[in-house]
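A.B. asks: Okay, handing you the structure first.
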Amino acid sequence: MSVNCPEGRNKRQKIEDLNKNAIEASNIQSNVAYEESGINLTTVETLPASENIDCVSLSSILSSEDLIEMIQFNYMVELEFLMSNLPKFKQKTIPTTIIHGLSEESEKYLKEEAKLFKNVKLISPRLPIPYGTHHTKAMLLFYANSTMRLIIHTANAIRRDWAYKTQGVYMSPFLLKKRDITSSSEFELDFMEYLESYGDKLNIIRNKVKEYDFSTIKAILIASIPGYHVNEKLESFGHMRLRNILSRITIPLSCKLDSTIICQFSSIGSLGKDEKWLIEEFAESLKYAKNQNQCGEPDIKLVYPTVENVSNSLEGWAAGNSLPFDHKNYLKQKHYMQKYLHKWKAIEAGRERAMPHIKTYSRMTIIPNSNNNLESSAEIAWLLLTSSNLSKAAWGALQKKDKQLMIRSYELGILIFPELFQNDEYVSVHILNSTPQNLKPGLPQSFNSINFSPSKSASSKKRNRSEEEKNTLIIPIRLPYDLPLTSYNFKDGDECWTWNIPRTETDCLGLRKS
């Protein structure tokens with residue numbers, strides 16, 4: 001739908017009015033504070049400002065005149081596009097290292113591009129296991145005031161990924177240099193272990209990163225590195241790393257009895273002839289919790305575009321080139337996958353026609369919004385933003401009677417959950433879904449009936465505070481899709497998108513796919 005048509009203008013005005021009302025309502029809500037998660041959607045060029053609220057662009061990330069060096073980790077790279085997002089006077093001078101995943105003709109073209117940028121160094125990491133890729137998307141940005149920022153995201157360094165697709169970005173706080181170089185944090189140790197997997201090629205970068213203090217980051221690193229991981233490393237990477245971390249997380253009371261695990265991605269790999277890996281291995285890892293025995297069995301739902309989603313997207317059929325689900329794999333897997341599949345629906349989320357390249361995995365309870373029956377909100381127990389698609393190559397597959405995890409690819413993600421934001425100031429912390437219409441969601445009324453049972457010390461602190469002080473912290477996250485989810489309706493002709501078969505019908509741009 002064009003934003004210039006009357007219906008588009010009306011929708012935009014409605015969003016602006018609803019957002020104004022939501023912010024006003026949140027301002028009068030007592031004893032509630034808000035804190036940013038660090039996770040944002042990226043700006044989509046062709047969408048109206050009302051749908052790009054609270055979003056970031058590549059140029060906004062790289063435009064600081066104080067930026068003095070950058071390290072880029074990615075899969076696909078268009079070098080001229082990437083460097084064009086820097087301040088013009090820095091594009092051919094700022095020291096830049098690019099760790100990429102291109103090979104053969106694509107790598108050859110990148111090397112030709114690099115001849116025009118004497119400030120750029122290219123590194124192609126070793127991939128020891130066939131069919132693996134360097135799929136990580138991250139940046140290390142160094143500034144003139146001796147700070148550094150870590151960016152973990154989902155977009156290739158190519159124009160169409162940043163212009164037309166739904167993507168996600170995590171931006172760390174600006175990290176200061178350590179006073180004591182020997183000190184470290186859990187996040188730093190995890191990140192250094194990831195960097196060490198690249199070998200000697202990244203020695204200089206590792207030594208530089210060690211100088212910074214990561215302790216202000218309120219997130220957990222979830223990485224995949226290629227290899228066969230055993231013994232004490234069995235739970236260090238991939239879905240076993242996620243399993244290990246989730247086993248330490250307490251599921252909130254609002255999510256204990258009724259929750260859903262939502263896996264949203266842009267590609268599906270070869271998962272096997274039955275659901276053994278998908279449900280008994282991968283989904284099993286996602287179900288872990290510190291209080292797992294007290295929780296109900298969560299539903300598992302997969303969000304992936306239909307053929308109709310792609311046809312009606314901003315790019316038409318061309319969007320499907322970034323949704324590489326092999327048709328033969330779908331035919332082998334559809335008998336067990338279909339019951340879990342849900343469409344890409346993102347009208348309220350403001351991303352309906354921007355096909356997803358973002359990958360999110362989360363556990364939440366969906367709560368009907370009492371102020372508007374057409375909308376829902378969600379209490380999020382945890383959320384992972386990652387480069388990992390739904391594949392064994394990305395997440396790993398257990399072997400040798402579950403004593404070994406084999407991973408083919410490099411991946412990187414960031415996990416957040418309420419406990420990371422907890423401190424003595426707050427009795428309760430909630431991660432809630434926000435939308436362009438409601439950037440500062442309030443606690444659902446149904447929460448009033450839940451006894452959160454804060455600790456004795458927290459209760460006494462609450463009693464000693466003045467009435468003006470805040471005792472509930474809300475972390476808003478703008479999910480890329482609408483809630484509740486919408487199942488595929490195969491009887492009505494819904495078809496899962498696969499990228500390698502021709503499409504005789506025309507897309508919204510009037511084009512056919514050969």
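Even glycines carry a Cβ here, placed using N, Cα and C.
Where the annotation comes from TrEMBL, it is an automatic prediction and has not been curated.
The active site, nucleophile annotation in TrEMBL covers HIS135. For LYS137, LYS359, the entry in TrEMBL reads substrate binding site. Sequence annotations record features per position, and here TrEMBL assigns active site, proton donor/acceptor to HIS357. TrEMBL lists SER391 with the feature site 'Interaction with DNA'. Among the features that TrEMBL reports, region 'Disordered' is placed at 450-469.
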A.B. asks: Name, in the order they occur in the sequence, the residues of the same chain whose CB lies under 8 A from the CB of LYS359 (substrate binding site) and which sit 6 or more residues away.
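C.D. replies: Same-chain residues close to LYS359 (substrate binding site) (Cβ under 8 Å, separated by 6 or more) are THR154, GLY168, GLN264, PHE265, SER266, LEU385, THR386, SER387, SER388, ASN389, GLY413.
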A.B. asks: Give me the Cα-Cα distance between LYS137 (substrate binding site) and SER391 (site 'Interaction with DNA'), rounded to a whole Å.
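C.D. replies: Between the Cα atoms of LYS137 (substrate binding site) and SER391 (site 'Interaction with DNA'), the distance comes to 17 Å.
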A.B. asks: For SER391 (site 'Interaction with DNA'), which residues in the same chain are close in space, meaning a Cβ under 8 Å from its Cβ, but six or more apart along the sequence?
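C.D. replies: Spatial neighbours, sequence-distant, of SER391 (site 'Interaction with DNA'): SER267, ILE268, GLY269, SER270, LEU271.
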A.B. asks: Determine the Cβ neighbour count for LYS137 (substrate binding site): the number of other Cβ atoms within 10 Å of its Cβ.
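C.D. replies: Neighbour count, Cβ to Cβ under the 10 Å cut-off: 29.
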A.B. asks: Taking the Cβ of the residue listed as 'active site, proton donor/acceptor' as the centre, how many other Cβ atoms fall within a 10 Å radius?
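C.D. replies: If we count other Cβ atoms within 10 Å of the residue listed as 'active site, proton donor/acceptor', we arrive at 27.
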A.B. asks: Fill in the CA-CA distance, HIS357 (active site, proton donor/acceptor) to HIS135 (active site, nucleophile), as an integer in Å.
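C.D. replies: Their Cα atoms are separated by 12 Å.
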A.B. asks: Specify the count of other C-beta atoms within 10 Å of the C-beta of HIS135 (active site, nucleophile).
C.D. replies: 26
